[in-house]
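Student: For reference, TrEMBL lists these features for the protein:
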MOD_RES   LYS39  N6-(pyridoxal phosphate)lysine
ACT_SITE  LYS39  active site, proton acceptor
BINDING   ARG137, MET308  substrate binding site
DOMAIN    239-365  domain 'Alanine racemase C-terminal'
ACT_SITE  TYR260  active site, proton acceptor
Amino acid sequence: MTAHDRATGILSIDLDAIADNWRTLAAHAPNAEAAGVVKADGYGLGAAPVARALRKAGCTTFFVATIDEGISLRPHVNDARILVLGGVLPGTGADFIGHQLIPVLNSPEQIGLWSGFAAAGGRPLPAAIHIDSGMNRLGLDETAVELLAADNRRLDGIQPVLVMSHMACADERDHAMNRQQLDRFTVLADRLGVSAPRSLAASSTIFLGADYHFDLIRPGAGLYGINPMPDSPNPLRQTVRLHGKILQVRDVDTPQTVGYGASHRFKSKGRVATIACGYADGLFRSLGNRGFGVIGGVKVPVVGRISMDLITLDVSAVAPAHVHAGALVELIGPDHDVDALAAEAGTIGYEILTSLGRRYLRDYSGGNT
């Protein structure tokens with residue numbers, strides 16, 4: 001028995017497609033360095049194999065969310081830069097320094113901590129500085145920027161390697177917030193007066209034009225095939241396929257129902273197949289009675305509620321030869337991509353990818369796997 005035989009769901013990940021997407025995004029900003037965002041375990045697809053593939057493609061700067069993500073990533077990217085978006089917290093300085101991680105400093109308090117670590121070590125330490133240009137999550141507000149500009153001794157011991165911000169509405173091309181944030185970032189970065197490269201653009205922002213590119217772009221979701229501009233055709237390759245395995249097939253007839261709450265009643269004779277995936281595997285309950293799978297090019301609707309470990313599909317329209325225990329149902333793939341599944345679930349592709357469960361067999365191709 002092989003791992004494929006035992007697997008109840010198979011998540012196929014194309015590392016070459018991820019690398020190609022990085023190249024495509026980099027080509028849209030030819031005068032900027034293209035980094036790679038591999039936070040949340042590479043958006044659920046595996047930070048280590050994804051980063052190795054990107055490193056091989058030429059990526060030399062990576063972003064993660066937490067220090068633990070950075071520590072885990074370090075052995076897989078050799079001497080590449082790793083920036084930690086969440087910044088530095090008390091007690092973490094030794095780990096940042098020991099694993100050659102670069103904090104993104106988000107507040108005066110973090111700047112003070114990092115300056116103190118530098119003073120204690122007797123040498124300057126690299127850091128990025130995050131300016132809040134309008135999201136009101138992380139980053140230096142205007143008051144903090146003015147304080148630093150008035151007294152640059154607060155940056156003693158800090159070697160700025162990047163000044164950055166993040167966009168709120170970049171996936172809406174014509175949103176007024178885009179230009180407002182660009183202008184605010186430019187003004188505050190100039191006021192800060194730090195001589196360092198600048199970065200504003202993540203995946204969607206790249207497509208707003210060269211004014212937004214600055215010196216470094218930070219594609220994340222786009223690497224993994226999510227459409228960066230939902231109102232336009234997707235210029236990126238799909239990187240994942242997800243298949244669930246059929247456990248049982250049965251004939252049904254009216255007035256029978258299926259699943260918890262008897263939320264679906266059959267109106268005529270038909271056939272259903274139950275697959276071994278559910279909300280514990282990242283297929284949300286909101287897909288009940290509205291999601292789809294694909295068998296042999298035929299869309300098969302979800303009937304009834306999504307259970308923790310099971311989903312039932314109406315396979316009446318599929319030739320019986322394709323529907324049997326052990327057969328695979330495409331849940332994400334060429335006929336039903338991540339964005340389509342997300343739309344059915346009432347969410348975004350980011351949430352779908354980062355929720356894909358650990359019970360799936362992860363089957364990698366490309367990237368010299």
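The first residue you see is number 1, and the count goes up from there.
Using the three backbone atoms N, Cα and C, a Cβ is placed for every residue, glycine included.
All annotation found in TrEMBL is predicted automatically rather than curated by experts.
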Student: For MET308 (substrate binding site), which residues in the same chain are close in space, meaning a Cβ under 8 Å from its Cβ, but six or more apart along the sequence?
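Tutor: In sequence order, GLY278, TYR279, ALA280 meet the Cβ cut-off.
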Student: Measuring Cα to Cα, tell me the gap between TYR260 (active site, proton acceptor) and LYS39 (N6-(pyridoxal phosphate)lysine) in whole angstrom.
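Tutor: Roughly 36 Å, rounded to the nearest whole number.
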Student: Quick check on the recorded positions LYS39, ARG137: which one has the highest count of other Cβ atoms within 10 Å of its Cβ?
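Tutor: Of LYS39, ARG137, the one with the most crowded Cβ is LYS39.
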Student: How far is it from ARG137 (substrate binding site) to the residue listed as 'N6-(pyridoxal phosphate)lysine', counting Cα to Cα, in Å?
Tutor: 17
